[in-house]
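Okay, so here's the structure we're looking at.
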Amino acid sequence: MGRLGKVDPSSYSQPELITTEHSAINWQVDFTNTKLRGSVLHKFKVLSNDLDKILLDVRDIDVKNATLLAGGAEVPINYFISDPVPDMGQKLTLELPAGTAKGSLNVRIDYETANNASALQWLNPAQTLGKQHPYMFSQCQSIHARSVIPCQDTPSVKFSYDAVIEHPSELTALMSAIIDKQEAGKTHFKQTVPIPAYLVAIAIGKLVSRPLGENSNVWAEEGIIDACAEEFSETATMLKTASDLCGPYVWKQYDLLVMPPSFPYGGMENPCLTFVTPTLLAGDKSLADVVAHEIAHSWTGNLVTNKNFEHFWLNEGFTVFVESKIVGRMQGAKELDFKMLSNLIELQECLRSQLSDTPELTKLVVDLSNCGPDDAFSSVPYYKGSTFLRYLEDLFGGPSVFEPFLRDYLKKFAYKSIETNDFKEALYDYFKDSPQKEKLTKVDWDLWLKSEGMPPIIPKFDETLANIIKDLTVLWSTKTVEQLANIPELKQPISVHQQIAFLGKLIETKDIVELNAQKIDLLENTYNLKQSKNAELRFRINRLIIRARLIERLDQIIDFANSNYRMKFCRPIYRDLAAWPEAKPKAVENFLKVKDEMMAMCSQQVEKDLGLKSA
């Protein structure tokens, strides 16, 4: 495949020669044919004299016309589209008049999307909660904006946008922007803060809202809106806590949209409108930390952005680090450290299973010359990255020293796209004249950024809550069912987060004595798992059922896999089933039946997990 561009291996666009400043989107939403029709008007800034062409990223887009707008005139321009590169898309070449000089350039492209655009999910009424109206939503991260807009689909380019969306008048349209004006069947949006293409987002459905705070609402279908408002009632507190840590919130509005079950991620940090999975609706706010994560992205990722996805840890490692601080300020230091230790359990599992054949993707900074960002996506940038930042914080003297640096870093690179070296230079610059300057020589950057596997140094965490989990894991993995029935420690209550971490640690334990139907039954009864609505708990108990090879419970496992298409859950379940010869045929049969209900980025990865498509 090779690198598509100089600045970004996953984009044909040439931000070193030309960059997008503003985009005006016009879309007519066609639910019947599952297409967006319309145009985009890009205002470019030309950085190079005698530019002869503009290269944009597209994926299965049908371009109708390309027009240069200059001095009140409209001049048609030649364009052509290259052959597709699998999982990456195509190159749209727009030919410019000879002698195009530096400065502003306006180009309008008229087009329509494919009816299976990889960034869009179209649901028929039967697939929604209300069963009356269709629903559509987007997911453009990491490189799927090119399937809905011919654009510079690289995080190294940031642009403001406005949009006019024509849609069925009985439905509500929302975007990663502020609603500017609403008419019957037409909604106008404005996003004045420059963002990368992957943060352009849209959702249209029969939606209602409830207030969460002064500038914050939650949106969902009517049937779950009250449960959503209750589950996410701490959003305003999280937002205030994040602002205290990171600086002013620049996006004006912070709304949540609770998505249909086919949404592939836990959350997506679309500005002004975070998308979250309905699997967070546990009934006890125990999974609302995901909202803290998405709020943190308002600074780490959205305001300061990785220049390309080789440096994805600058988005996600920083966000997990800030998220854990929000949790710490709201729940205490022990919970903060327990959260970070639990993350390391998840990271270990990811290295053992998902990345066992691709150790090069366990580095903090990866090479995407021959690998798409979706294929490289894992928990490594999240948890190895946040562990590195915790190591640095401890090294430089703790939160009182490191948090002021964090605010300074976010202020310094606000509205910019950066690489790891920019972060490194900012750290050196901040501490070079401080009492901590000798600590700079102690950081082994190559070890942290280029070594494979687990973090090379595990910081000293408070292990009070984690030790309870360790002891429980030893008990459940070494004792028989009969022995466990008489152990008083099992009657001690533990928190939901401890239950999640305990089951995760048990999955990671090599040898478990008597992992059979009786032990699974005892586990479920001890921790009330059969009644639990918590998707994280149900996910882990289902993985243990697979490990115990309880074929009589295969239907239950398949039902869970079909209850949501969040990749964090369905990919490991399908991977586990693929390694179980007796269950694999049923897993494949089920996947082929439901794959069209998944977003493309999910179904393509599950196909690889099941061995139906080469990785």
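Each Cβ is built from the backbone N, Cα and C atoms, and glycine gets one as well.
Taken verbatim from TrEMBL:
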ACT_SITE  E294  active site, proton acceptor
ACT_SITE  Y382  active site, proton donor
BINDING   Q139, C140, Q141, P264, Y265, G266, G267, M268, E269, R566, M567, K568  peptide binding site
BINDING   H293, H297, E316  Zn(2+) binding site
DOMAIN    464-610  domain 'Peptidase M1 leukotriene A4 hydrolase/aminopeptidase C-terminal'
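Remark: G267 (peptide binding site) has T274, F275, V276, T277, L280, V290, V291, H293, E294 as non-local neighbours, by Cβ distance under 8 Å and separation of at least 6 in sequence. Sparsest Cβ environment among the recorded positions Y265, Y382 (other Cβ atoms counted within 10 Å): Y265. The recorded positions listed here (H297, E316, Y382) include H297 as those with a Cα within 10 A of the Cα of E269 (peptide binding site). The two recorded residues Y382 (active site, proton donor) and E316 (Zn(2+) binding site) have their Cα atoms spaced 5 Å from each other. When averaged over the domain 'Peptidase M1 leukotriene A4 hydrolase/aminopeptidase C-terminal' (464-610), pLDDT in the model lands at 96. All protein chains included, Q139 (peptide binding site) registers 25 other Cβ atoms within 10 Å of its own Cβ. Across the residues annotated as binding peptide (Q139, C140, Q141, P264, Y265, G266, G267, M268, E269, R566, M567, K568), the two Cα atoms farthest apart lie 17 Å from each other. Long-range Cβ contacts of E316 (Zn(2+) binding site) within its own chain (separation 6+, distance under 8 Å): G301, P381, Y382, G385. Cα separation, Q141 (peptide binding site) to H297 (Zn(2+) binding site), rounded: 13 Å. What surrounds the Zn(2+) site, by Cβ distance within 8 Å of the Cβ centroid and not counting H293, H297, E316, is the set G267, E269, E294, A296, T300, G301, N315, F318, T319, V320, V322, E323, Y382 from the same chain. In this structure, the C-alpha atom of H297 (Zn(2+) binding site) lies 20 angstrom from that of M567 (peptide binding site). According to DSSP, the domain 'Peptidase M1 leukotriene A4 hydrolase/aminopeptidase C-terminal' (464-610) comprises 108 helix, 0 strand, 39 coil.
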